[in-house]
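Below: the structure, in structure tokens.
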Amino acid sequence: MKMIISLTFLGILMLAFAEVNSETCTLMEAAKNFDENKYFNIPLAYATHSKNREPETNVCREYSTARGPDGKTVTTFTIKDKTLTSAVKCTNTPIPGSNGQFSSDCELSAGNRITVTTSILATDNEKYAILQRCPTSGPGNILVLQTNKNGVEQGVQNYFNQKGWDISTWLSRTTVGC
């Protein structure tokens, strides 16, 4: 009887652990108006809001993009934390048949590499973008990128209203103090 109770308890623990660690990120549909040539010509964008609160440095990032010699776009984002500044360089490869979605091979400042998939959920291809990032495991995140680090572009607010999201509940540059 003790053995049955022990095995049942162990099974429940394993199931609970599996459910906690099975959270995955699924890319949402990209913006229909996404224009790669215009979008990747945005000179500098600031992460102004982050859906997830960890890590807080998500909203202390500055994004710049250039074309590499092979024609691929390379995005560099600088993390400006209160105590540390570091850069991450990502080479973006379009996902075939999915305009506005990319697989990004990123080199961290310590030399490590990670791969994330991204989807441009909404953009005007000039002043703002709402970017979803999905790592190979875990929940991922959604970031608001804007050329103006203060305020919220009307297009961002319109998208949030359409989705039923409240931007005031998201982490912002103001609340973190970048």
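Any Cβ shown, glycine's included, is placed from N, Cα and C.
When Swiss-Prot is consulted, the disulfide partner of Cys60, picked from Cys134, Cys178, turns out to be Cys178. Separation of the C-alpha atoms of Cys178 (disulfide bond) and Cys90 (disulfide bond): 22 Å, rounded to the nearest whole number. The secondary structure of Cys60 (disulfide bond), as reduced to three states from DSSP, is helical.
Cys60 (disulfide bond) counts 22 other C-beta atoms within 10 Å of its own C-beta, drawing on all protein chains shown. Taking the Cα atom of each, Cys134 (disulfide bond) and Cys60 (disulfide bond) are about 19 angstrom apart.
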